[in-house]
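What Swiss-Prot says about this one:
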- Gly2: N-acetylglycine (MOD_RES)
- 3-147: domain 'Globin' (DOMAIN)
- Thr13: phosphothreonine (MOD_RES)
- Ser45: phosphoserine (MOD_RES)
- Ser51: phosphoserine (MOD_RES)
- Ser53: phosphoserine (MOD_RES)
- Lys60: N6-acetyllysine (MOD_RES)
- His64, His93: heme b binding site (BINDING)
- Lys83: N6-acetyllysine (MOD_RES)
- Cys94: S-nitrosocysteine (MOD_RES)
- Ser140: phosphoserine (MOD_RES)
Amino acid sequence: MGHFTEEDKATITSLWGKVNVEDAGGETLGRLLVVYPWTQRFFDSFGNLSSASAIMGNPKVKAHGKKVLTSLGDAIKHLDDLKGTFAQLSELHCDKLHVDPENFKLLGNVLVTVLAIHFGKEFTPEVQASWQKMVTAVASALSSRYH
């Protein structure tokens with residue numbers, strides 16, 4: 001699952017405290033849907049996803065993005081038990097929504113990109129390494145029901 005050092009935990013928690021969950025969530029999910037258009041099929045109920053500007057301005061995309069990052073914020077409090085933290089969400093996405101688990105990795109990578117954009121020089125290679133470890137572990141936890 002990925003072992004987090006105390007330094008990783010401090011790095012992740014410190015940056016997370018500065019993240020605007022609403023803005024970063026909407027941008028992360030929006031970018032996922034624009035950059036990887038095949039992921040849109042899981043969001044047919046979201047209305048207009050016909051263009052990048054439609055997606056980035058879509059209130060349902062923003063709301064769900066906020067929900068996703070709020071869930072991630074809960075996980076940050078439980079880095080040593082991500083599998084347990086995401087057990088129900090893994091079940092939902094696997095059994096009911098049939099989301100390809102690869103999409104969790106894509107979303108994590110997009111989040112890292114968004115954080116890099118938002119935090120610029122503060123998002124050092126060391127910070128990126130800790131966050132990449134975390135989003136990889138979260139993707140693995142969300143995929144656990146699939147195995």
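Glycine is no exception: its Cβ is also placed from the backbone N, Cα and C atoms.
Note that the structure is a prediction, hence the values are computed from the model and not measured.
Shown on the structure are the features that Swiss-Prot records.
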| residue | record | CB count, 10 Å |
| --- | --- | --- |
| Thr13 | phosphothreonine | 13 |
| Ser45 | phosphoserine | 6 |
| Ser51 | phosphoserine | 10 |
| Ser53 | phosphoserine | 11 |
| Lys60 | N6-acetyllysine | 15 |
| His64 | heme b binding site | 17 |
| Ser140 | phosphoserine | 20 |
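Distances between the Cα of Ser45 (phosphoserine) and those of the modified residues Thr13, Ser51, Lys60, Ser140 are shortest for Lys60. Secondary structure of the domain 'Globin' (3-147) per DSSP (helix as H, G, I; strand as E, B; remaining residues coil): 120 helix, 0 strand, 25 coil. With the residue listed as 'phosphothreonine' as the anchor, the candidate recorded positions are Ser51, Ser53, Lys60, His64, and the one with the nearest CA is His64. Counting in whole angstrom, Ser53 (phosphoserine) lies 17 from His64 (heme b binding site) by their C-alpha atoms. The average pLDDT the prediction assigns to the domain 'Globin' (3-147) is 86. In this structure the C-alpha atoms belonging to Ser51 (phosphoserine) and Lys60 (N6-acetyllysine) are separated by 15 Å. Between the CA atoms of Lys60 (N6-acetyllysine) and Ser140 (phosphoserine) there is a gap of 26 Å.
Taking the Cα atom of each, Ser140 (phosphoserine) and His64 (heme b binding site) are about 21 angstrom apart.
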